[in-house]
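First up is the structure itself, then whatever we jot down about it.
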Amino acid sequence: MSTQYERPPESAADWTVPQDWARYTADEHAMWDRLFARQSAMLPGRVTPAFLEGLDVLRMTKPGIPDFDELSERLMKKTGWQVVAVPGLVPDDVFFDHLANRRFVAGRFIRTPDQIDYLQEPDVFHDVFGHVPLLAHPAFADYMQAYGQGGLRSLGFGALHKLARLYWYTVEFGLIRDGDDLKLYGAGIVSSYGESRFALEDASPNRIAFDLIRLMRTDYRIDDYQQSYFVIDSFEDLLRQTMETDFAPLYAALETMDDLAPDAILAEDRVLTRGTQAHAKVALSS
Ligand SMILES: [Fe+2]
């Protein structure tokens, strides 16, 4: 999401471009297969069962990077979502409008071998492997649409910065309760080999029960693993809280509150894990 990008001349008015599946090289498909095998081996037992069920949507008739047309056809049957290609980051209003119309925008390039564990811009592996499986889950699919609709409204309140934290701490880096256990569901985590273990098993980060206002006050890290993860009870509960909240007074209230540091813990937080922040301290001192 960003507003400083010029629309490339080859893209349509809604910024979409053809995926051009036939143009991928054998090496690019092999990179997808390698990442897919690595993540799908490590995620069972760590990721929410809904993600593993949704992963079946990605098992295409052709190996390698999914063909978005085939993917959309499958997803459409399940929850009415489609996947469309974009050339890179798109402006906020364009991004929200796609979500509000149940279209997920995905990058079409794939990382190179030297970027296997870290890259700055989301590639097709992050966007499709990370995000698409949960779009096959009805409540999560509705949540993503509601987020897009809320995003369009937030532009009128100058509150995008606050709302972006909701996306960050749920869609990208969310954890979910599973009985007495925690499981992964955020796309930024499940598409990352390192963070899939860190988010769940490392002593460093805080794990705090989801609280909408609290979370929308909290800054986040874009350059390293998160210092706090927020834990939802269920996708149904996340959807319900989002739908039942009147965001206009919430944005007004947030204006009167201080932002919180990524590692902050408040007296009223329901803390599941008080992190040592050892990872962040090492990173900051190096
Ligand atoms: Fe993402």
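Cβ atoms here come from the backbone N, Cα and C positions, even for glycine.
Taken from TrEMBL as is:
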BINDING   His126, His131, Glu172  Fe cation binding site
DOMAIN    1-286  domain 'Biopterin-dependent aromatic amino acid hydroxylase family profile'
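Around the Cβ of Glu172 (Fe cation binding site), a 10 Å sphere holds 20 further Cβ atoms from the protein chains shown. Taking the mean position of the Cβ atoms of His126, His131, Glu172 as the Fe cation site, the remaining same-chain residues with a Cβ inside 8 Å of that point are Pro122, Asp127, Gly130, Val171, Gly186, Ala187, Gly188, Ser191. Long-range C-beta contacts of His126 (Fe cation binding site), restricted to its own chain and to partners at least six residues apart, with a cutoff below 8 Å, comprise Gly107, Ala187, Gly188, Ser191. According to its DSSP assignment, Glu172 (Fe cation binding site) is helical. Cβ environment of His131 (Fe cation binding site): Phe104, Ala106, Val171, Ala187 lie under 8 Å away, each six or more residues apart in the same chain.
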